[in-house]
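> When I checked Swiss-Prot for this same protein, it listed these features:
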BINDING   80-92, 300-312  NAD(+) binding site
BINDING   ARG99, ARG109, ARG138, ASP229  substrate binding site
SITE      TYR145  site 'Important for catalysis'
SITE      LYS196  site 'Important for catalysis'
BINDING   ASP229, ASP254, ASP258  Mg(2+) binding site
Amino acid sequence: MSKRTFKIVILPGDGIGPEVVAEATRVLEVVSASSSDVEIKLETHDFGGCSIDKHGEPLTAATLEACKLADAILLGAIGGPKWGVNSKVRPEQALLALRKALGLYANIRPANFASDSLLAYSPLKPSVARGVDIIVIRELIGGAYFGERKELGARAQEDAAWDTMIYSVPEVQRITRSRRQVASPDPPLPVHSIDKANVLASSRLWRKVATETIQNEFPQLKLDHHLVDSASMLIVANPKKLNGVILTENLFGDILSDESSVIPGSLGLLPSASLAARPLWPNTAHRRSSPRRVYEPIHGSAPDIAGQGIANPIGTILSAAMLCGTRSVWRSPAKAIEAAVEGARRQGDRREGLRTADLGGSSKTKDIGHKVVEILKATL
């Protein structure tokens with residue numbers, strides 16, 4: 001029987017993106033080689049700043065079409081000072097356009113410690129950071145980032161600029177229902193909905209709809225509400241109060257997910273996934289049995305260390321594990337990747353040489369990738 005093909009589009013991006021994605025790609029190649037019934041087909045495309053330099057735009061029609069036809073997408077990182085906020089064309093525009101085109105409405109990002117040995121690298125005191133286990137679910141394609149806007153100097157009122165934050169009942173229902181994408185222990189994780197309902201009309205709608213959706217569809221879940229300014233203080237003062245699932249809109253989620261992600265001490269350690277509800281294209285060429293998803297590490301492009309080979313690839317490798325974990329045929333390889341990462345981490349606890357510079361070590365990006373691949377090959 002011939003192997004089924006699983007197409008993954010690789011978007012290395014900018015800065016350290018190509019370096020960390022290369023190690024995750026090696027891991028996916030090992031998974032493909034070990035499978036008797038599924039073959040992973042990898043296809044690389046320019047995205048972000050490198051696409052601007054080569055093609056004059058951050059997301060070409062060819063790259064977008066490839067992403068639409070893919071089963072999953074693995075992204076490195078985009079951006080850098082070369083394409084600053086005053087540039088007419090910016091790498092971040094590619095990410096927003098991709099999210100909109102693929103219907104990527106929910107971003108899931110964890111913030112936790114793989115080991116207490118990492119507590120020393122947290123910016124918070126160990127007594128405050130120990131035991132933090134937060135998952136941020138952020139709405140991705142609504143709110144101020146996608147509302148009507150006017151730039152300074154454009155049209156009437158040339159001395160003013162604005163952005164509009166709009167949410168509808170279906171949009172809030174959809175992101176609230178995405179809570180089911182997070183595996184729950186027994187008892188289930190509590191949900192902390194974050195808004196600014198004391199000021200914003202869109203937040204009052206958010207709070208009302210989130211409450212009704214949880215009560216009507218997930219009555220077993222414990223739900224509470226926090227104002228965004230209060231939640232941002234809790235994340236640095238007593239983050240364990242927000243253990244569980246943080247559910248919030250686009251702008252607040254952008255800020256809070258970044259704030260919570262630094263608690264574990266290194267942005268290079270954690271993965272994330274952006275989810276679509278269903279395939280969005282009616283024509284046969286774009287049909288898939290499951291919605292597209294984008295997987296990426298939580299860190300940025302880190303241009304200050306790009307090209308030095310010292311970036312931590314663990315977050316990207318774990319993003320590849322998340323990618324595999326969404327397919328029933330690859331649940332076992334996904335767990336094997338996670339176990340290989342844990343094995344490499346344990347060796348790092350004993351030997352500083354298996355830690356990258358962000359964790360006080362001296363190992364290279366490729367050293368970490370090689371060790372993970374070595375352990376994975378022995379397991380699969």
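Heads up, the Cβ atoms here are built off N, Cα and C, so glycines get one too.
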> Just give me the nearest neighbour of ARG109 (substrate binding site) among the recorded positions GLY80, GLY84, TYR145, LYS196, PRO303, Cα to Cα.
TYR145
> How many other Cβ atoms are found within 10 Å of the Cβ atom of GLY307 (NAD(+) binding site), counting all protein chains shown?
11
> What is the separation, in Å, between the Cα atoms of GLY80 (NAD(+) binding site) and ASP258 (Mg(2+) binding site)?
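Pair distance, Cα basis, whole Å: 17 Å.
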> Just to be sure I understand the packing, how many Cβ atoms besides its own are within 10 Å of the Cβ of ALA311 (NAD(+) binding site)?
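The Cβ of ALA311 (NAD(+) binding site) has 31 Cβ neighbours within 10 Å.
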> Which one is it, among the recorded positions ARG99, TYR145, ASP229, that lies nearest to GLY84 (NAD(+) binding site) by Cα separation?
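Minimum Cα distance from GLY84 (NAD(+) binding site) across ARG99, TYR145, ASP229 lands on TYR145.
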> Within a 10 Å radius around the Cβ, which one of these recorded positions has the most neighbouring Cβ atoms: LYS88, ARG109, ARG138, LYS196?
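When each Cβ's neighbours within 10 Å are tallied, ARG138 tops the list.
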> For GLY84 (NAD(+) binding site), what is the tally of other C-beta atoms lying within 10 angstroms of its C-beta?
9
> Output the one of ASP229, ASP254, ASP258 that, of all these binding-site residues, has the highest number of other Cβ atoms within 10 Å of its Cβ.
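Going through ASP229, ASP254, ASP258 one by one, the largest Cβ count within 10 Å is at ASP254.
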> Would you mind checking how many other C-beta atoms are within 10 angstroms of the C-beta on PRO303 (NAD(+) binding site)?
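The Cβ of PRO303 (NAD(+) binding site) has 16 Cβ neighbours within 10 Å.
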